[in-house]
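Student: Provided herewith is a single structure, encoded as structure tokens, for subsequent inquiry.
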Amino acid sequence: MGPRLSVWLLLLPAALLLHEEHSRAAAKGGCAGSGCGKCDCHGVKGQKGERGLPGLQGVIGFPGMQGPEGPQGPPGQKGDTGEPGLPGTKGTRGPPGASGYPGNPGLPGIPGQDGPPGPPGIPGCNGTKGERGPLGPPGLPGFAGNPGPPGLPGMKGDPGEILGHVPGMLLKGERGFPGIPGTPGPPGLPGLQGPVGPPGFTGPPGPPGPPGPPGEKGQMGLSFQGPKGDKGDQGVSGPPGVPGQAQVQEKGDFATKGEKGQKGEPGFQGMPGVGEKGEPGKPGPRGKPGKDGDKGEKGSPGFPGEPGYPGLIGRQGPQGEKGEAGPPGPPGIVIGTGPLGEKGERGYPGTPGPRGEPGPKGFPGLPGQPGPPGLPVPGQAGAPGFPGERGEKGDRGFPGTSLPGPSGRDGLPGPPGSPGPPGQPGYTNGIVECQPGPPGDQGPPGIPGQPGFIGEIGEKGQKGESCLICDIDGYRGPPGPQGPPGEIGFPGQPGAKGDRGLPGRDGVAGVPGPQGTPGLIGQPGAKGEPGEFYFDLRLKGDKGDPGFPGQPGMPGRAGSPGRDGHPGLPGPKGSPGSVGLKGERGPPGGVGFPGSRGDTGPPGPPGYGPAGPIGDKGQAGFPGGPGSPGLPGPKGEPGKIVPLPGPPGAEGLPGSPGFPGPQGDRGFPGTPGRPGLPGEKGAVGQPGIGFPGPPGPKGVDGLPGDMGPPGTPGRPGFNGLPGNPGVQGQKGEPGVGLPGLKGLPGLPGIPGTPGEKGSIGVPGVPGEHGAIGPPGLQGIRGEPGPPGLPGSVGSPGVPGIGPPGARGPPGGQGPPGLSGPPGIKGEKGFPGFPGLDMPGPKGDKGAQGLPGITGQSGLPGLPGQQGAPGIPGFPGSKGEMGVMGTPGQPGSPGPVGAPGLPGEKGDHGFPGSSGPRGDPGLKGDKGDVGLPGKPGSMDKVDMGSMKGQKGDQGEKGQIGPIGEKGSRGDPGTPGVPGKDGQAGQPGQPGPKGDPGISGTPGAPGLPGPKGSVGGMGLPGTPGEKGVPGIPGPQGSPGLPGDKGAKGEKGQAGPPGIGIPGLRGEKGDQGIAGFPGSPGEKGEKGSIGIPGMPGSPGLKGSPGSVGYPGSPGLPGEKGDKGLPGLDGIPGVKGEAGLPGTPGPTGPAGQKGEPGSDGIPGSAGEKGEPGLPGRGFPGFPGAKGDKGSKGEVGFPGLAGSPGIPGSKGEQGFMGPPGPQGQPGLPGSPGHATEGPKGDRGPQGQPGLPGLPGPMGPPGLPGIDGVKGDKGNPGWPGAPGVPGPKGDPGFQGMPGIGGSPGITGSKGDMGPPGVPGFQGPKGLPGLQGIKGDQGDQGVPGAKGLPGPPGPPGPYDIIKGEPGLPGPEGPPGLKGLQGLPGPKGQQGVTGLVGIPGPPGIPGFDGAPGQKGEMGPAGPTGPRGFPGPPGPDGLPGSMGPPGTPSVDHGFLVTRHSQTIDDPQCPSGTKILYHGYSLLYVQGNERAHGQDLGTAGSCLRKFSTMPFLFCNINNVCNFASRNDYSYWLSTPEPMPMSMAPITGENIRPFISRCAVCEAPAMVMAVHSQTIQIPPCPSGWSSLWIGYSFVMHTSAGAEGSGQALASPGSCLEEFRSAPFIECHGRGTCNYYANAYSFWLATIERSEMFKKPTPSTLKAGELRTHVSRCQVCMRRT
């Protein structure tokens, strides 16, 4: 299949989709012709609108049809071998080939979409689980989706997890830049001796030597060649030579680097190389033709036919409404980019930016200088190397010492000398036989003859004797036997012929002649016998030849690395390589550094071609910045009120009740009716009178409450400083490669950095008007730079991205354009940015265009702009109850609720040891209700003035018939309050009273934790009546409303406590009430801009107990409180010696809270406390003498008694519970301590208030007009200007503030009580509040401790009647020590007592004077090691660790970024990836690790590659699964695409913790506590595993924080596909740890089915804990 055909096939589905969209749009269009009876609304055509936002990128157009093949040309001459050609055109169809092998079965298709939900069934009973049914038939596979466009390249990833230091040996770093040349290192160790060099070339022959002494004339011998002798043994080393003269050279200077050497000889053949895998071979020959295939399936519908001839022009129809925005048009013809502007001047340096992310990997640096020499470490022995070349001859050695060697063997006989001159005539003495004369003198040496040929090597001689003392030269031996004749010599020079003399005898050996010059190098002699071995250390033999390679030795110890060699000289430039094939496309590069901003370019050439049609009015532009404030205008005219008749109003409120009618006759009693439906909950009745019952038993811990709504977002942070500009990289080499095939148009790339300014090119031919490109990415806003020098006037630049600037000047009139055909209806565009409140300036009127040709009727237009809001209607009547909807999105935070119920009272703790007397505390809260007192006795009571005791309650009588209503009597005067009777039974509920005056709303409570969205529950039965809440603080009286209808009878409230008050007088007529009932709850508004911090509110009611906060800083010292209870007197210690007071030092740093001190002695009597708050009671009569009471609280301590005698030492008591941290003590006397370490950096302070305005500056010189600046921030609102013209219809505004609170709904069923939270750490001490109003009288409290003596002006009661004499009381407890007595007389000196227990150490004395230095003692022996010291005091806080490396990931399961838990540090935010599925196999992420938090979201975040160097993206039926949010599914259940996916994907945060983090699971509905020494990070539900498509999935490690999700959902994740869609599917299951009762552990689990609303009752709870550091 050729490349063109494959493009056709790829684009065919896109064409069909477009065709389908077109037909759908046409069907929707409705009335588009002239038959619509609409009125003619043609008004005056408005002015030309602002330029709209750029449209979306168009789709890829259809490919053109393939042209016909041309005729075949004549063959040309044979040309040179050309470059490899482009792929040829598609050949003609060959004969059918043989049928191929059957293919592998295809991958399974994507599951089809779920059907719409059926009608709801009747809820059935919970049936038991049925048996597994037979497998159903497999469903039909769905259609495969279209491949999505390739995604944009991802940003460069962040550095990986820090898991501690990696040793440098394991990971090799990138090569660095060249270092500075190092200083020369010390001289290295001498190298090993090199091998012997090769023998030198043979030298030239030396000059002839002086003539030798004449030899004897030899016999003329025969010459024949003797046999070749054996090689002799190597001879003994010769005697040492004469010592040479040593010359000393001075040490040279540093060598300079030599010139480049000549090219060396070619090296030995290298080891075989390891090659890379070769490129794929050329295509093979075409295969055999295949057989005919089966008949093809029915083809796809054809392309639309050619358009028909145009119809007749119809009558002009009415103007249609503005249609929806059309789909993106096809890409326009791109006109070349304009020339780049000149490079701008270098700007002033910016302020240093914050520390950026780690930059991309740098380029390798130049090689550094050689390092210092390493220590030698022996390496392992290598394999034997190849034999090296023979070395050069070594230098001459030092002279050896001379020892005489043994005499050598006789040399070969020399050549015969010339014949000597004739001798003197002999002396005959007349005798014929002459006597031999004396030997003659040695003749002069003859002329040397020509050298003879070198003789053959003689036979091996006998081994010589070793000569021990060889001083005497031996005599010459006798002549040897005659040798064989030598070869014929060259003829000698002819001598003068003499007379032949008689041969003389041998002469005496002459003196040795001088040393001759060296002769020619002889042939090597035969190997001699081994000589005697004589060894002298000073003699050094000649270096032998290199041996053969030995066997590899044992590996040696590792040597230290050698010094680096000096850098080599640069080699010659290599020859250019062959042209390579084009490589695979590389991965996308990292994002480059942003370039500096270029200058504004010159204006482009004028456009070319006729002008286009006048476009629709554009969207309203971005509002301009606010203008400078105008002066306040004059007061306007009063507006005219045009009444508009509204729709009929809702039914009015009932009128006031009429006067009461006359009393009717009494009717007969009716038959009792059926019980009615449970009525609505009545209002809380008046509190009854009676004592409260005893407190009930402590309830079971309830479930934790839902999390409250999120708080208001914080103020936006400040912008960071700009980063430093990066280093510009080096220019790369130009690449070489063949041109590739033309690719499909790619998606728009990320805008590149601006290039440097090029030279201005020649203006090109004007191009056609291009389509508007896609909007660029929004850049990051930089900090404002320092003011630049005034530049020259720049030409207008391209429109920038960002807030709009001020309105530009009107443009010139363009040439008229042809009118284009109407476009297709587009998809709905993205919502625009919300505009500011002010309308923009009115635009200039555009020039009149030429009339265009009448176009065909267009598709329906965009919807019109939103009209102004109508006059609000009256509230409608209440509608029927609608179908239960799906859970809505979480609402904005509601008004703060009333304070919750008070928690259960805790058990009493053990009494702690009494501490020292503290400063008076603030006034405490109201105490708990006390237990009811014992019943009082009524003896000796004056019955005349007292109300009698109430009798026992009689049996309840039958309910009589209702009597007639009596007329109302006058109110009686209030009686004297009677004595309290015993508590009566609660009375029957009274009728519901008139509603009281509504109080002011209570102070807002703290926001509760955010609740998770519950599933849709079945309607529950009406809940029981809730417990009445605590009365709120008394509100200021409201204005009286109209009298309401009589309420239903309420249930009896709890009996109230208090004295009945007097009846008040009738109040005055109130003023009219505020406007009527609030309207319905408004839509959720957008989050407004955070306001300035408000003034502190009133003191709120107590909130519920929060999670434990970190301990606050100690508050300031409070006002003096009421006196505390005194401690038990301590045991008196021995008195220490008084120290002399030291000088007062500066106040030291605040210490840690100390442990409890030893109880002090009893304090002095305190001052009388403030009078208690309350009404004075009536004086009671004297009561009977009570029975002996329980031991009371200790009374106030008296003055210190006389010291008692010292008691025996008691046993150590059990340690008391840890007390609260004490208040800071008063400053002690201390010497100046050392300066402490710097504390950790504090939290950043609030931004300061703006400073005062500075004085006005000097007027500056008028600058040249600058370039257009970036839009500024919105200015402050100006003074109101004069009334402007009416503005255009604005963009939809930001959502309004929340409406007036709606009417109070019915009280919901009571929630499950939450667990009692752990006791919080003490908070910061608050500011003392204002004095509150008089509260409702509280319940009677527990008997308090004895109060301080009251003021003396209380009226003393009348004395009671004397009681009868009582029996003597029991012996009282030992009294407290009495008040201090008078000073006694000094007693006699007592007998000395036994020695006491040693006292505590006294205070340290002052430092003594320095004594004189003693003599130095002898050095002692070393002592034994001492015992371990005590643990030191806690050190200052350490510096924050950088390499904690404990990472924990937290998932919000909402669209908000989660906060890192307290004590951890944020690293980054991302999207919560649960697992991926590729090729039908799933791989999951641990939700507690950083791998589950991807920085970027994609429905297909991975691609797959094969062994053929091919990777595919979004081309297969793969899935990704992400944690989801509570966003409900759309009602259509259609897959979610595009930006609509964003609200469904959970966000996450990767945090760095200072210690290990783990999860603990309770397997109950209780939240498990963290182990000892661990603190809580968050609580949640125990999430174990999950499955989805193909029953594949993954799971969580239960020790990982990922197994503890903070919110429980039955479907906690969403499935996404490569085609860009996400949805929830019925085959997705989540698995959670269940709750297990201890008694059910080993029993068979009971099957059960839980419906919505009860799901959390069986899911285990968990907590994520971090080890405390």
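Each Cβ is built from the backbone N, Cα and C atoms, and glycine gets one as well.
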Student: Can you sort out which of CYS1548, CYS1551, CYS1662, CYS1665 is the disulfide partner Swiss-Prot gives for CYS1604?
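Tutor: Answer per the record: CYS1662.
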Student: Swiss-Prot pairs CYS1570 with one of CYS1493, CYS1505, CYS1665 in a disulfide bond, so which one is it?
Tutor: CYS1665
Student: Name the residue from CYS1548, CYS1551, CYS1616 that Swiss-Prot records as disulfide-bonded to CYS1460.
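Tutor: Matching partner in the record: CYS1551.
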Student: According to Swiss-Prot, the disulfide involving CYS1548 connects it to which residue among CYS1493, CYS1616, CYS1622?
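Tutor: Disulfide mapping in Swiss-Prot sends CYS1548 to CYS1493.
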Student: Cα distance, PRO204 (3-hydroxyproline) to PRO1424 (3-hydroxyproline), nearest Å?
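Tutor: Distance between the two Cα atoms comes out at 87 Å.
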Student: In sequence order, what residues of the same chain, 6+ apart, have a Cβ less than 8 Å from the Cβ of PRO204 (3-hydroxyproline)?
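Tutor: The list for PRO204 (3-hydroxyproline) is empty, so the answer is none.
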Student: Which residue counts does DSSP yield for the region 'Disordered' (1404-1431) in the helix, strand and coil classes, in that order?
Tutor: 0 helix, 0 strand, 28 coil
Student: Mind giving me a neighbour count for PRO1424 (3-hydroxyproline)? Other Cβ atoms within 10 Å of its Cβ, every protein chain shown.
Tutor: 6
Student: Check PRO204 (3-hydroxyproline) against DSSP and tell me helix, strand or coil, would you?
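Tutor: Where PRO204 (3-hydroxyproline) sits, the three-state DSSP reduction gives coil.
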Student: Looking only at the domain 'Collagen IV NC1' (1445-1669), what is the model's average confidence as pLDDT?
Tutor: 95
